[in-house]
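Notes follow the structure.
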Amino acid sequence: MGSTSRGPPPAPPAPPLPAPAGDTEAGRSIAILQDQEEAGDYTPRLGREFGSELEAYEFYLNYARKVGFTVRRGYANKNRKSGTISSSKYVCSREGFKALDKRTNRSKTPQPDTRTGCKACLTVRRNNGSAKYEVYGFEPKHNHPLFVPSCANPFQRKIVDIQSSEANTSSNVASACEPESRNYVLGDNAVTSIEWQCPLRTRRQREIKCGEAAALLNYLQYQSRADPLFYHAVQLDAEDKVANIFWADVKMITDFSQFGDVVSFDIVSGNNMDLRPFASFVGFDNYGETVVLGMALMYDRTVESFQWLFDTFLNAMSGRAPSTIFYRQDAYQGMAISTVMPDTSHALCTRHLKQTAKGNMNYLIQRGCDFMKEFKACINDHEEEMELFTSWEGMISKYSLHGNVWMQKVFEEKEKWARPYMKWTFSAGMKDTQLNERLHSDVRDYLTPDVDITLFMKHLQKVVDDRRYIELEIEFSSRLKLPDFKIRAPILLQASEAYTDMIFQLFQEEYEEFQSAYIVSRDDSGPCREYIVAILDKERKHKVYGNPSEQTVSCSCRKFETLGFLCSHALKILDTMDIKYLPNRYILNRWTKYARCLTGPQIDGRKVQEDTTFEFSNRYQYLCPVFVRLVAKASECEESYRALEQCSIEMCKKVEGILRKQTSIDASASQPDVEDIQVSLSASATDNELEHAMNYSSNKRAKKTKKKGHKDKSQPRSCIKEWLQNKQTLQLEQPAMQFSMLDNHIQPGTDLEGLSSPFPMGQLHNEKMQPS
């Protein structure tokens with residue numbers, strides 16, 4: 001029996017492109033594109049020939065992906081006799097202008113306008129007496145920005161498929177039951193990179209299926225080899241058995257660094273012991289799209305286990321804690337969060353509170369009384385503390401609930417759900433853990449113990465990748481849309497340049513309401529002026545403080561401190577103080593188009609130092625299997641082994657020389673008076689990747705049809721998005737926007753890391769949020 005190698009097994013070769021069937025036109029197109037990839041030649045030139053019109057179109061599509069725009073067919077002229085295409089024109093998708101209705105002077109369709117009159121195009125025609133097509137017209141200039149995307153690598157789906165298949169193969173090796181030692185041996189490879197932290201002092205509460213722990217750790221180990229920045233950790237119980245597991249890939253860690261101000265944590269209901277104890281950390285980005293920040297399997301739910309989980313989550317995120325975390329009403333989770341993240345604000349899932357109230361107070365509901373209506377009013381309607389106390393006491397007395405233990409406990413935790421207290425913390429619209437529940441629903445069929453653990457992990461990764469493709473689609477479509485101004489005011493022009501489309505629409509709603517605002521009373525005696533502002537047809541009045549010299553404003557409704565953009569009352573006072581543009585401090589980087597990355601290496605004369613960790617990961621992931629296969633081949637004979645050894649020495653010298661040269665260039669280029677900005681580009685897809693993702697996802701989803709009578713649940717919505725969409729349904733001329741969920745939070749004093757950007761009306765807010 002031969003000796004067993006202890007080194008990592010060679011990665012499987014990447015699957016080749018499928019060979020075209022026969023000498024078809026599609027097959028020739030694929031071959032030309034492959035040659036084009038190898039030669040690196042993507043720029044059209046006059047006189048270039050193609051074998052068919054389809055090849056020319058595919059060539060221009062590939063060029064557009066590289067440059068950063070989309071293409072549509074302008075026209076195609078056909079020969080009347082033969083029916084073949086004699087000439088064709090391909091234009092930028094933003095060519096021309098949308099036709100306006102002569103009666104209303106508005107667009108005939110409710111779709112958002114993306115046309116800018118761009119002249120970029122490529123024209124081909126068929127040569128006389130030949131079947132080939134040549135380029136006889138090419139315009140490369142565009143009159144609009146080309147896109148530099150900032151989301152996940154859209155080719156990650158292919159990588160995951162390869163990884164999952166290998167992990168599935170490696171899991172078959174681990175056929176023995178769970179080992180009892182910390183030195184897990186998975187197949188032929190000893191686990192060395194897993195962090196074994198804080199073992200439990202007791203035995204885990206739930207058992208793991210025989211062999212499942214080894215297969216799961218095998219899968220995580222493969223992910224670590226494929227991605228050196230993949231993070232995972234394991235907690236053992238008193239018997240040295242796996243109790244809890246946490247993992248996060250580089251995209252999750254990067255998303256947290258950019259959008260980790262508000263996090264939602266949830267775990268699959270503990271009442272259902274037939275499902276795996278899957279837990280997730282979730283947030284959302286500047287476009288309101290769900291971002292997964294970390295995942296775990298919790299086979300023990302004691303306070304000690306939750307403390308380990310939250311501490312591990314902080315370690316993965318470089319010690320940075322979220323400013324607010326939403327979770328279900330759970331004493332153990334609350335105690336663990338208070339211990340591990342003492343400065344983080346707690347927020348209970350109000351949706352779960354209402355559901356629990358229905359179960360506990362079912363005997364009242366069956367009577368047909370208004371208990372649930374009054375309970376929801378206590379959660380949603382009262383902005384002042386005395387209003388809440390009066391309403392709560394009236395409800396308790398009306399239904400004789402003074403002795404109800406659950407109601408007493410809920411009121412004791414009022415600071416975690418009631419508006420008079422929650423308005424002092426930044427939530428960005430998040431009110432519950434529905435984002436987590438949607439994720440859990442997508443993988444619920446794979447949470448049963450009879451489903452292989454690697455199959456569950458493979459499906460989970462596919463779900464996460466699908467969500468990341470949706471991020472790409474939303475960002476791409478949002479950048480194409482032109483802002484729909486209802487009022488062309490300077491402050492709205494500034495907001496449209498800075499904010500993402502979703503936040504701009506919400507801000508524009510506030511600006512519209514500001515037109516109906518009026519000042520009830522004012523006190524201009526001091527430098528900080530005090531105003532009482534009301535809205536027509538609304539009873540509630542708000543106190544607003546304004547300082548014209550410092551250009552500051554603060555409203556008692558605290559919408560800016562809670563959601564991150566100014567309210568109509570504050571806008572009224574800014575206008576009263578003759579401030580026509582938003583001060584920098586009121587444009588939070590979290591909601592801007594540039595929240596993920598900057599679009600160029602130089603901004604306002606300052607050097608931008610890019611975070612290249614994701615690029616390093618991609619290079620490592622590509623080169624590692626290439627050289628593993630090369631080493632395996634070279635080891636087959638002595639001559640090839642010696643040749644590769646000699647080449648490796650020369651290559652090492654060359655690489656070291658390049659790195660030394662690069663280091664010296666960077667050192668000489670650095671200036672002491674230049675401010676360096678650390679910009680995270682961890683999820684920086686290239687222009688063609690974003691376009692590829694758009695084509696890939698749209699083609700996949702085009703085949704799906706929604707069944708009659710069934711609601712589409714693929715896009716969960718938050719309270720802010722529902723409010724926005726409800727308003728749009730009342731105005732048919734408004735663009736029909738597609739949004740998913742908005743849920744995040746920042747409290748006063750939170751360090752909001754802003755980035756400067758070349759806005760014509762001002763820079764982004766790069767200061768700390770101060771309580772008013």
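Note: Cβ is positioned from N, Cα and C throughout, glycine not excepted.
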Range annotated as region 'Disordered' in TrEMBL, from 1-29, 88-116: 1-29
The domain 'WRKY' (73-147): DSSP-derived helix, strand, coil residue counts: 0 helix, 29 strand, 46 coil
Counts by DSSP class (helix H/G/I, strand E/B, coil) across the domain 'SWIM-type' (531-578): 14 helix, 16 strand, 18 coil
Whole-number mean of pLDDT values that fall within the domain 'SWIM-type' (531-578): 93
